[in-house]
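Colleague: Before we start, here is the structure in question, set down as structure tokens.
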Amino acid sequence: MLILGIDPGLHVTGYGLIEADRHGFTIKKSGFIKTRIKDELPKRLLQIHGELAEILDRHKPDALVLEKLYAHYKHPLTASLLGHARGVICMLAEEKKVAFFEYPATRVKQVTTGHGHASKEQVQKMIEHMFGAARESFGPVDTTDAISLAVTHALTIRAKL
């Protein structure tokens, strides 16, 4: 099963495509999309759409996984802006007929590190350990967050079988 995890953001969107089978996981592709802060919102969203559409077309994943949106009352603008990127990704999942799943951040952290309130750095270290790779090979934490989403989905599906 091919699973694409995506950690959306207007400035940096991380992605991680893993293949999951009964023997474990293999990273097929991972990286990030970086938009220019100076660009207008529609241009940034179009860039995210275009680059993710290309990944979906090329690799044809069976599932697309996002983190459930959590909006803190202290940062309503951040949640609103993140919602734009999430909307583009949700639309892409439907457009490309890819099954869509989402998990709360605490669940992803629990599955990945064993602690539901782990830091991004702890998640990153665990993903590096899990796949035997150095941090530099993954890039920003957005990429390892995306990979952890894909791993969470794979383990959740496996547990249900």
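Cβ atoms are placed via backbone N, Cα and C, with glycine included.
A quick note: this is a predicted structure, and the numbers were derived from the prediction, not measured.
Residues or ranges marked as Mg(2+) 1 binding site by TrEMBL: D7, D142. If you look up TrEMBL, you'll see D7, E67, D142 marked as active site. The Mg(2+) 2 binding site annotation in TrEMBL covers E67.
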Colleague: Between D142 (Mg(2+) 1 binding site) and E67 (Mg(2+) 2 binding site), how far is it from one CA atom to the other, in Å?
Modeller: 12
Colleague: Given a separation of at least six residues and a C-beta threshold under 8 Å, show me what packs close to the residue listed as 'Mg(2+) 2 binding site' in the same chain.
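Modeller: Those within reach of the residue listed as 'Mg(2+) 2 binding site', by Cβ under 8 Å and sequence separation of 6 or more, are D7, E102, Y103, P104, A105, V108, D145, L149.
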